[in-house]
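Remarks on the structure that follows.
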Amino acid sequence: MDPTPQSHPILAYVLSRLPSLLPVSPSLSTPRARDIEQPSPRAPSGAAEFDLVSRMPGLRHPSVLSAMTRAVADVSSARDALRLLGPRPDHELVDSARAFLRSHAAEEAEEEEEDEKVAKSREVVRLDEAHESYGGLLREAEERLDRVYRTAMRGRDMQVVAAAHGGGGEEEAGVVDDEVVRVLRDAEEGKAVERLLLADRQLRHLPEQLGRIRGLLVLDVSRNQLKNVPDAIGGLEHLEELRLASNALVSLPDSIGLLTSLKILDVSGNKLRSLPDSISKCRSLVELDVSYNVLSYLPTGIGQEMARLEKLWVHLNKLRSLPSSVCEMRSLRLLDAHFNQLRGLPAGIGRLAALESLNLSSNFSDMRDLPASFGDLLGLRELDLSNNQIHALPDCFGRLQRLERLRLDQNPLAVPPKEVVAGGVGAVKEYMARRWRDARAEEERRGSAVAESPRVSTPKEWLVRSVSSLGSWVSDVTRYGAGQDKAAAEEEEDAYLQQNL
């Protein structure tokens, strides 16, 4: 919840110098359960602070600090309010709450139990929205402090600037590249334009008119200074390749979901905090690279419609979990999720039957085990699990007989033992295959023992058999009695006839 030196360096520095703005929360002083979506706050980094002061020496000036204090007073009050409300709910819980509210509105349920669930769902959504607003407030405060500092360094009246909360600022006008102008002109004249390569042009702005180039197949604006992508990009209905790597993007427009012909999307090396839910509508995607960003989650339904996706790079982010819909990417051959904060994999990961390369390295103390379905990844050839906290590989690991490359170093492994790991991938495969066979044999032995053991009847079965036996006995008695009556009747009839004669 608190700003960190990595995400908001100036704001974290100012708050660390103001004890009155940092009330101690009881919840932070007591142990709490490990939470995938809400990790424990980390202590400020001294190295990061030293680097910040080296770049901005004026931060030590009392007048600068005083001006900055007034500029961020709203952050303190907002944070206190959020601490009372509680931690932010995880993304999948919020999506579930929103979906329930939509269905409830459509069905107009009136049961008391449903009303209680509606209230809880609304609380989840409101809490998430409050945290989202707080995140925006932190970003605005960081920019505000930067303007206060720059103004102070120019010798202006800092009290006026702080009171205005950073109003004004120098906006940099977007300058359209000559090449873009030429291409737009050609498109207006009816000329076919299929490729637009604008990498390394120091572009800060893309014009809305770009969305009118209907025949465009490839757009490369990598390694520029773009902070946003125009909504009009959704008009490029035939676009197959979009490269936005190494810019300053903090978000992508929802209209990106209209690019249904898109096969390659590269947004690596930006400042993306989230991806739009609409990205799952890019059904033709074959390669998706969202690495080197600050993503803390992926859209809940990202895998539901990406049946053709073959390569997914999500490394060097802050992901704490992968949504279960990732398991629906049945064509996925490569998944790279190293250097995140993953605490596990979805239970259905084994459904990725086409997966050949999987990198889960360097999730450090967060990654501790593998799910039982991991042994279903029979096509896996390359696996990197190094730099984690895995103590034992599951017995089903012995099924991965196609493995050619395996890294397990920097794990506190007990199964397999270190000497086996030192023998390489072949030794590990042989050891785990033997454990798998032994586990299967033991399971079959137990199954046979259960099948051969005398079966204890349940009270219901005993009663059914008793009633059946009683019914048979009554039937026999009835037949016997009927026979006796018939014989007596015949004897009486014979005696009567003889008397008459």
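From the backbone N, Cα and C atoms, a Cβ is placed for every residue, glycine too.
Over in Swiss-Prot, the protein carries these features:
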type	residues	note
COILED	104-147	coiled coil
REGION	25-47	region 'Disordered'
REGION	482-501	region 'Disordered'
REPEAT	190-213	repeat 'LRR 1'
REPEAT	214-236	repeat 'LRR 2'
REPEAT	237-259	repeat 'LRR 3'
REPEAT	260-282	repeat 'LRR 4'
REPEAT	284-305	repeat 'LRR 5'
REPEAT	306-329	repeat 'LRR 6'
REPEAT	331-352	repeat 'LRR 7'
REPEAT	353-376	repeat 'LRR 8'
REPEAT	377-402	repeat 'LRR 9'
REPEAT	404-423	repeat 'LRR 10'
MOTIF	424-436	motif 'GVYW'
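Counting residues of the repeat 'LRR 7' (331-352) by DSSP class, helix then strand then coil, yields 3 helix, 3 strand, 16 coil. Only residues 6 or more beyond the boundaries of the repeat 'LRR 7' (331-352), in the same chain, are considered here, and those with a CB under 8 A from a CB of the stretch are 34, 36, 39, 291, 307-324, 358-363, 366-377, 384. Long-range contacts of the motif 'GVYW' (424-436) within the same chain: residues 375, 393, 395-401, 403-406, 408, 415-416, each at least 6 residues beyond the stretch ends and with a Cβ under 8 Å from a Cβ of the stretch. Same-chain residues lying 6 or more positions outside the repeat 'LRR 2' (214-236) and placing a CB less than 8 Å from one of its CB atoms are 187, 192-208, 242-259, 266. Residues 7, 37, 90-92, 95, 240, 245, 260-277, 311-323, 325-329, 336 of the same chain lie 6+ residues outside the repeat 'LRR 5' (284-305) yet bring a C-beta within less than 8 angstroms of a C-beta in it. Under 8 Å from some Cβ of the repeat 'LRR 9' (377-402) lie the Cβ atoms of residues 338, 349-350, 352-371, 408-416, 429, 431-437, 439, all in the same chain and six or more residues away from its ends.
Applying DSSP to the repeat 'LRR 1' (190-213) sorts its residues as follows: 5 helix, 3 strand, 16 coil.
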